[in-house]
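Feature list (source: Swiss-Prot):
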| type | residues | note |
| --- | --- | --- |
| BINDING | Cys559, Cys568 | [4Fe-4S] cluster binding site |
| BINDING | His654 | chlorophyll a B1 binding site |
| BINDING | Met662, Tyr670 | chlorophyll a B3 binding site |
| BINDING | Trp671 | phylloquinone binding site |
| TRANSMEM | 46-69 | transmembrane segment |
| TRANSMEM | 135-158 | transmembrane segment |
| TRANSMEM | 175-199 | transmembrane segment |
| TRANSMEM | 273-291 | transmembrane segment |
| TRANSMEM | 330-353 | transmembrane segment |
| TRANSMEM | 369-395 | transmembrane segment |
| TRANSMEM | 417-439 | transmembrane segment |
| TRANSMEM | 517-535 | transmembrane segment |
| TRANSMEM | 575-596 | transmembrane segment |
| TRANSMEM | 643-665 | transmembrane segment |
| TRANSMEM | 707-727 | transmembrane segment |
Amino acid sequence: MALRFPRFSQGLAQDPTTRRIWFGIATAHDFESHDDITEERLYQNIFASHFGQLAIIFLWTSGNLFHVAWQGNFEAWVQDPLHVRPIAHAIWDPHFGQPAVEAFTRGGAPGPVNIAYSGVYQWWYTIGLRTNEDLYTGALFLLFLSALSLIAGWLHLQPKWKPSVSWFKNAESRLNHHLSGLFGVSSLAWTGHLVHVAIPGSRGEYVRWNNFLDVLPHPQGLGPFFSGQWNLYAQNPDSSSHLFGTSQGSGTAILTLLGGFHPQTQSLWLTDIAHHHLAIAILFLIAGHMYRTNFGIGHSIKDLLEAHIPPGGRLGRGHKGLYDTINNSIHFQLGLALASLGVITSLVAQHMYSLPAYAFIAQDFTTQAALYTHHQYIAGFIMTGAFAHGAIFFIRDYNPEQNEDNVLARMLDHKEAIISHLSWASLFLGFHTLGLYVHNDVMLAFGTPEKQILIEPIFAQWIQSAHGKTSYGFDVLLSSTNGPAFNAGRSIWLPGWLNAVNENSNSLFLTIGPGDFLVHHAIALGLHTTTLILVKGALDARGSKLMPDKKDFGYSFPCDGPGRGGTCDISAWDAFYLAVFWMLNTIGWVTFYWHWKHITLWQGNVSQFNESSTYLMGWLRDYLWLNSSQLINGYNPFGMNSLSVWAWMFLFGHLVWATGFMFLISWRGYWQELIETLAWAHERTPLANLIRWRDKPVALSIVQARLVGLAHFSVGYIFTFAAFLIASTSGKFG
């Protein structure tokens, strides 16, 4: 018999039903469960697949550069970044009629094009690219890196080049390599690029390979570096009248601490950014030399963990046993990596709009909205994944003997206290926030808006004031004009910071009021509830009072029959599944809030947000309905326009989202009956019954149907909001 899919599981390959296909897809990446897997092969497969991942990333970024160089308008955009719309790529569509061709021919293009809302134009411009030739060169270089990554991946699957398990478990060497070799050296290299190419570029000097060695990035060269007069590199920065990309008003400084924003581009000073990367580089280069490898100097991580005895014995045996637990569990390591990456991705979302690093990106409102939303959703998926792999660790890798009375075991020992506290916090936030919103809603409905309960966020305003925002009238720290911190700030450090905080033209420290207070607590409700579900899923993954032997059933099981008092819905996978819905809704509230507050800020009518955001009808009517009006007007006498594609996507997103409920609400029995009826009809229909199937059709399992439903819900949700976000913002601001 020929080898059937899946080859990695002979048991599944012999399954006579369509379960073979779906379970095969579901377990394709669960290398641990494959036939003939060894620890060594597991590590080697994952390692080699990383190179494949890198190849895909390099190919994708190469494609971005190539298509903009080929079909975009980068050179025209560089001449006038505020008024030329950046083109992502051309649209070739034989179905376009004349009205559609006209609607999508924008940005000075000869035919229909897509506008770029990703910020790549601003990024490439800021780092010194100026011509299409530059873009083509970058695309070719990344293509070369992509090929190199593929070769490296193939090479590390060859017997001679396969690393051993001991190599993968050498934590100190890996840490040193990642800290110094990847973070440290790449940050230093990036500082070099900024100082040698980007900063001269921002001052009208075009540095390329042909003149790279002739152009001094600083008039005094390396003299100040070797003589210890490093402050000379900060003298004579660009003036506030500097025109970006020209020598007009430019200075000679390369490493500064100006603070605030470049007045024309509304982005951080490039010389501040270079200084930041240099500091990061030095920090990580030092950090990467702290752990003991072949040279016998530095710390052993195991010794560090074993030596740490918590004060007063309140954490039992502290970190004893943790080193081997973490080092021998890929799921634990992946959980830690995903948790870190998730937090970083969310921080990227927050910082890209509040402290924009790329020239002119702050004035491209649609791009700002798209990037914020994109990074917050990505962060949500990554963070839920962290808890999923944490739960798998507890089921597959956790050894109670090895971790007796250490911090990990003690988390499990007092899990009831953790879960009940999270539950209490979620209930408190939910009832109080909803109570305030509903009360205010009723007051508005009865025509007595003055009876709303409006709470000023005084603690948050006090924190903003401490950082220098003066409009609230708190005389504290940096907003206290006669304090030492304020006076030092004017001269020594970040003189531009206080101006930036108090300017209303940027998104730094937005003025907040009762509407912000309410939505902040709604978001806190979502965050705490999502965390509750995820933490409970991981801490109960090994077992609970209801089902003490849960770990023997694996990560995802539907239930253990009707005889145990209801064991459905309690697998660790079910917790992940439920948490994703909460995560999506929470980030929905986050992005609604961000988007509405910024739309009113950009349009100059902040009072609309302030007045309408304190009650539910305000959100539904003045944010969702008002801003989706262009997307739901259907056919009109004006015909096609450039928002039509988003209107279609808005509808299509709703369709995909709604399809999810078909899988989520009706389960296996209904579909099995339906399938058997359809199979009966098929076998008795002339012509149709000439087509046979090798696998007997059966319904999806409960867990699989939930996954398919969840995927539709997530994808539909994000498609719908993406279309709404981009159309409502670009429709207003172009």
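Using N, Cα and C of the backbone, Cβ positions are placed for all residues, glycine too.
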Practice problem: Sorry to bug you, but what's the C-alpha spacing from Cys559 ([4Fe-4S] cluster binding site) to Tyr670 (chlorophyll a B3 binding site), rounded to the closest Å? | Solution: 18
Quiz item: Taking pairs 6 or more apart in sequence, does the count of Cβ pairs under 8 Å between the transmembrane segment (643-665) and the transmembrane segment (707-727) hit 3 or more?
Solution: yes
Self-check item: Stretch-level contact, the transmembrane segment (369-395) and the transmembrane segment (175-199), CB cutoff 8 A, at least 3 pairs
Solution: no
Quiz item: So of Tyr670, Trp671, which of the binding-site residues has the fewest other Cβ atoms within 10 Å around its own Cβ?
Solution: Tyr670
Quiz item: Counting every protein chain present, what is the number of Cβ atoms, excluding its own, within 10 Å of the Cβ of Met662 (chlorophyll a B3 binding site)?
Solution: 13
Quiz prompt | Cβ atoms near His654 (chlorophyll a B1 binding site) (within 10 Å, other residues, all chains) | solution = 15
Exercise. May I ask which residues of the same chain, at least 6 positions away in sequence, place their Cβ under 8 angstroms from the Cβ of Cys559 ([4Fe-4S] cluster binding site)?
Key: Gly566, Thr567, Cys568, Asp569, Ile570
Self-check item: CB contacts for Cys568 ([4Fe-4S] cluster binding site) [other CB atoms within 10 A, all chains]
Solution: 14
Exercise. For Met662 (chlorophyll a B3 binding site), just give me the three-state DSSP call.
Key: helix
Quiz item: For Trp671 (phylloquinone binding site), what is the secondary structure by DSSP, using just helix, strand and coil?
Solution: helix
Self-check item: Pairwise Cα distance for the residue listed as 'chlorophyll a B1 binding site'/Trp671 (phylloquinone binding site) [Å, integer]
Solution: 23
Exercise. Give the distance between the Cα atoms of Met662 (chlorophyll a B3 binding site) and Trp671 (phylloquinone binding site), rounded to the nearest whole Å.
Key: 10
